[in-house]
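This report concerns only the one structure given below.
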Amino acid sequence: MAAKNTNMFSLIFSFIILGLAHLNLVNTLSPSYYDQTCPNAESTITSVVKKAMLNDPTVPAALLRMHFHDCFIRGCDGSVLLNSTGKNKAEKDGPPNISLHTFYVIDNAKKAVEALCPKTVSCTDILALAARDAVVRLNIFILYLI
């Protein structure tokens, strides 16, 4: 009887683990995540980043650094983008982040994306996509010069 209970427990436990693994696979990152809900999000972010790069050659490095600062401690959560309030000092105003200077790029990208699809694309994703686009654009620019 004990062996039957152990087998039943093992079977139930296996199904729970498989179910959780399936949920994890369903919610993984995807390059086409916004294709249905906001199809022009990535191209909009890319154009904002390109425009910023034309005016300031330090944008790619600064966006990559901002993305690193956001993700390094507790994961990529967009906390580096939050503003301070009267009672709370935001992460962006802390000593390690005080020199980050491309918040305007993320703000401009967020405004542009919100105009297309309100409340759809997270600030965290915008920061990640902007950092990616800046590094890719910088790489293309460097290859073109060589």
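Including glycine, each Cβ sits where the backbone N, Cα and C put it.
Worth saying up front: this structure is predicted, and the values here are computed from it rather than measured.
Features as listed in TrEMBL:
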type	residues	note
ACT_SITE	His69	active site, proton acceptor
DISULFID	Cys38-Cys117	disulfide bond
DISULFID	Cys71-Cys76	disulfide bond
DOMAIN	28-136	domain 'Plant heme peroxidase family profile'
SIGNAL	1-28	signal peptide
SITE	Arg65	site 'Transition state stabilizer'
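Locations of recorded TrEMBL features on the structure.
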{"residue": "Cys38", "record": "disulfide bond", "contacts (Cβ under 8 Å, 6+ apart)": "Val113, Leu116, Cys117, Thr120, Val121"}
{"residue": "Arg65", "record": "site 'Transition state stabilizer'", "contacts (Cβ under 8 Å, 6+ apart)": "Leu100"}
{"residue": "His69", "record": "active site, proton acceptor", "contacts (Cβ under 8 Å, 6+ apart)": "Val80, Pro96, Asn97, Leu100"}
{"residue": "Cys71", "record": "disulfide bond", "contacts (Cβ under 8 Å, 6+ apart)": "none"}
{"residue": "Cys76", "record": "disulfide bond", "contacts (Cβ under 8 Å, 6+ apart)": "His67, Asp70, Thr124, Leu127, Ala128"}
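In the predicted structure, the domain 'Plant heme peroxidase family profile' (28-136) carries a mean pLDDT of 91. For Cys117 (disulfide bond), other Cβ atoms within 10 Å of its Cβ number 15.
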